[in-house]
There are 2 protein chains.
Amino acid sequence: MSLIQPRTLKGFRDYLPEAMIPRERLIDTARRVYRSFGFAPIDTPALEYLEVLTGKGSDETDKQLYRFQDHGGRDVGLRFDLTVPLARFAAQHIGQLGTPFKRYHIATVWRGENTQRGRYREFMQCDFDTIGTTAVAADIEAILVINDLLAAIGFDKFTIHVNNRGILNAVLRQLGLADQSTAVLRALDKLSKAGWEKVEAELCESAGASHEQATAILDFSQLRGGCDEVLSAVEPMISSDADGEAALKRTREMMHAVSSAGVPDHRVKIDVSIARGLDYYTGLVFETTLDDLPGIGSIASGGRYDNLADLYTKQQLPGIGGSLGLDRLLSAMEELELIETSQTTAEVFIPLFEASRLGDYLKLAARVRAAGIGCEVYPEPKKLGKQLQYADKKGFKAALIAGGDEFANHQVQVKNLGTGESTTVALTAEAVVKELMRVLS
Amino acid sequence: MSLIQPRTLKGFRDYLPEAMIPRERLIDTARRVYRSFGFAPIDTPALEYLEVLTGKGSDETDKQLYRFQDHGGRDVGLRFDLTVPLARFAAQHIGQLGTPFKRYHIATVWRGENTQRGRYREFMQCDFDTIGTTAVAADIEAILVINDLLAAIGFDKFTIHVNNRGILNAVLRQLGLADQSTAVLRALDKLSKAGWEKVEAELCESAGASHEQATAILDFSQLRGGCDEVLSAVEPMISSDADGEAALKRTREMMHAVSSAGVPDHRVKIDVSIARGLDYYTGLVFETTLDDLPGIGSIASGGRYDNLADLYTKQQLPGIGGSLGLDRLLSAMEELELIETSQTTAEVFIPLFEASRLGDYLKLAARVRAAGIGCEVYPEPKKLGKQLQYADKKGFKAALIAGGDEFANHQVQVKNLGTGESTTVALTAEAVVKELMRVLS
């Protein structure tokens, strides 16, 4: 029989323990922070009716959909994000759930993307949303979640860039460019890459702006800084626009509340150029960058929308949500050396020094585990050096070594595998755990 | 525009918070226990080359496979279990990983099953395996994992039924039925449902056993009880069979070590009728039942195999593994009222009593969270009664209530939402957290 080649599909990845352990840790942190604000977990099927998935997606996501016919001849597809399933889910269950409804959803999605762009075809999303309220308190909370989340992961220097689509729209109205907003935003989006002159040209050509209008937009898009500073500069530009005034007021209220809730002012900046896509968001929008690695782009983004599920229900469901960019965060953490690599989840290693003592080693391990410390017993009575080599490769932090002499004296060696130091202690759960706590601390 | 009907595919489920919260808790417990023994997490793609998936599966799993052609015209399929992906993964990476390799894998699998049998087409598996060692220590550890896992979930009365395929095979050899082992095991498997007479008839008809042989097999299959008792009864039946003797010796060693590692003897029973499938397992096999709900079947099963990945590599990879039946466990826990239902992940609720105080409520919430206690602020200034109704429905345990009077006096009410009792404490992080700890304990 010829062998089948063991391989994964292009754009798909195996996660070995060394990659999976920090991944699980990051996901755990996200869950813990989401939960601390009262967001509750949900899950939805990976497979949905095709019509549910293609309803809202763009042409691009439609093209990337993994779609097929199931055993019953139904047209089905693999979800390509968690927002469309949330909309379907909310339309179906919101009566039972009630509002406001706060959920998080951490799950895999699939897109048949062009892998040449360094994208994967299977990746995990990590979303939180508050549905069924237009309250500014929910907007504020989204910013607090992002702040707590990045702090909990271990970041200190990051910036949350916020904007309100209402301000942007009011400025465009004032400039007489409300009807060209899509073309204007598309052009502005290229500013950091294409540069001022090219964007100015595009604004004139594609969006039909005059030279004056284009300059005004570009000047506006450069506004940055602290809350009062930027908002005071914007105010005169939209002074006669009621919606714009409301957006300004809401933004000011949000910024002050975020500050009084304890977020350092320098972490939250107003950036009027942020739009985040062209159609979906209607109020607050935000992106987050790492001050030490701004080039990797936003690692946590989101915004407020007026109507989540209009394709599936007549009930209007406004909401606010955000999403953590897991893969980007992990590569950033790697680059910033924030990841402690290890191939084991347990800290303590017990070599099987004397095969006839297996029961004793197992009993000792059980006692260490009962104290909340992970502990692995090597299964084979190989030479001690070999076993310790394995422990070293895997990244264990301490070893409990006991041979005939130790057992005879009712003792055990506690070895710090980092420093190589050993201490001999009495073979009791209390003494062993106490010394392990010292070594592992 | 007509609405798209929001619905899930037949055999697929949405998990609302009330179902998802205990599910996440159970998965967390499994991970914690697996990790405490040094098992490390891995993940593999949901989609694999079709040839990888169809290589080992039975005709039944092949028929149930969700398969299609991807954008590149490749034949692909959704994984139907985690064992085939583990085999492919091990063949591909074992050189880098080294042995013994201990992994857990908790992930979704898909099978286009007939839903009339009450089966779902999407479900989660929760596996652990030790690969690359034939040591009995790894067998013992599998039993210890199951014991710790069920105890950690909260079960006290459960039984782990163990057997060794080597004993079964030796008995069949002694009876001259080695060549009919598949037919014999298939018949024996029906004993609990079909009854003695029908199985006896099938043994004679399908397996070609004589009346005497059939009676001997059935008598043998009834052996139960403590280790020494059962093994002593089995011993004379296989006394001249070297492989059988070895399996007996190994089983005895395992039982004694499990006992000396601290597992109560009554929890682990030898049950010579357990075979667990016909081909795959070669040594230890085990199943686990809840003493209060034996009818739901095994909630944690597994066994030892000689060669995991022979379809993908010439390297022989023996191993031992087990799997937790999540869905079964959850319905058992529901039936035994072991699940505390709640729709929230946070314990403390802060009503937005005075809208102008939002910043103060947010600051208070941040302090509660900093003490490790989840806390949600209601986003809208509705009537207090309405807000508390929401808190009650969601299952919050305590509320922090502060209006104008309280703020003026620098105080806050801590309300136990279970008993309705309230205490007024100073509006400092220390006093509030201390009182919350008391209420929540």
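The backbone N, Cα and C atoms fix where each Cβ goes, and this holds for glycine too.
According to TrEMBL, the domain 'Aminoacyl-transfer RNA synthetases class-II family profile' annotation covers A:1-351.
All chains included, 17 other C-beta atoms sit within 10 angstroms of the C-beta of A:Asp81 (L-histidine binding site). For A:Asp81, A:Leu82, A:Thr83, A:Arg111, A:Gln125, A:Asp129, A:Arg276, A:Tyr280, A:Tyr281, the entry in TrEMBL reads L-histidine binding site.
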Local backbone state of A:Arg276 (L-histidine binding site), from DSSP in three classes: coil
Given the binding-site residues A:Thr83, A:Gln125, the candidate whose Cβ has the fewest other Cβ atoms within 10 Å is A:Gln125
Who sits close to A:Tyr281 (L-histidine binding site): which same-chain residues at least 6 apart have their Cβ under 8 Å from its Cβ? A:Arg165, A:Ala275, A:Gly303, A:Arg304, A:Tyr305
Taking the Cβ of A:Arg276 (L-histidine binding site) as the centre, how many other Cβ atoms fall within a 10 Å radius? 18
Rounded to a whole number, what is the top Cα to Cα distance in Å among the residues the record ties to L-histidine, namely A:Asp81, A:Leu82, A:Thr83, A:Arg111, A:Gln125, A:Asp129, A:Arg276, A:Tyr280, A:Tyr281? 22
